[in-house]
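Working notes, structure below.
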Amino acid sequence: MDGMITIFAIVAVFVICWYILNVVAYWRIFTKAGEAGWKSLIPVYNTYVQYKLTWNTKMFFVSLALSLITGSLSMIGGSAENLSYVISLILAVIQLTALYKLAEAFGRGVLFAVGLVFLNPIFLLILGFSDNQYQGAH
């Protein structure tokens, strides 16, 4: 039992640190783009703001709807799970595109977007604290 509590505590600390790094990074990114930094504090809304700055809000709502549908289909089980996998792949493409659009909005390219995928908080911090200026959605 003590081992499980230790593992839970380690995971909790990791998740909290991850969240704090994301908030700090998005605060800087939003400020660079002319948005209020406090918007990075609110989960889901911060993603909406990211889509607004880098792509369009319609894709945010498509992404949100697909996430909700995937979760619902996964709970149903059976053949609905197969559809859930397909929707998850579509959702992954949307999320990857959103990260590419974020890199592009600050004058960065594909390799930086790959960094955003695999080392997200680090590359968000680089984006937030670098000299790159917000260039708008492309």
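A Cβ is built for glycine as well, from the same backbone N, Cα and C atoms used for every other residue.
What TrEMBL lists as transmembrane segment is 6-29 (among others). Sequence-distant contacts of the transmembrane segment (6-29) (same chain, at least 6 residues past either end, Cβ-Cβ under 8 Å): 37-41, 46, 50, 102, 106, 120-122, 124-125, 127-129.
Taken from TrEMBL, the feature transmembrane segment covers 59-77 (among others). For the transmembrane segment (59-77), the residues of the chain that approach it from at least six positions outside its boundaries are 44, 47-48, 51-52, 83-84, 87-88, 90-91, 94-95, 97-98, judged by C-beta separation under 8 angstroms.
What TrEMBL lists as transmembrane segment is 83-103 (among others).
According to TrEMBL, the transmembrane segment annotation covers 110-129 (among others).
Packing against the transmembrane segment (110-129) from elsewhere in the chain are residues 18, 21-22, 24-29, 32, 96, 99-100, 102-104: each is 6 or more residues past its ends and has a CB under 8 Å from a CB in it.
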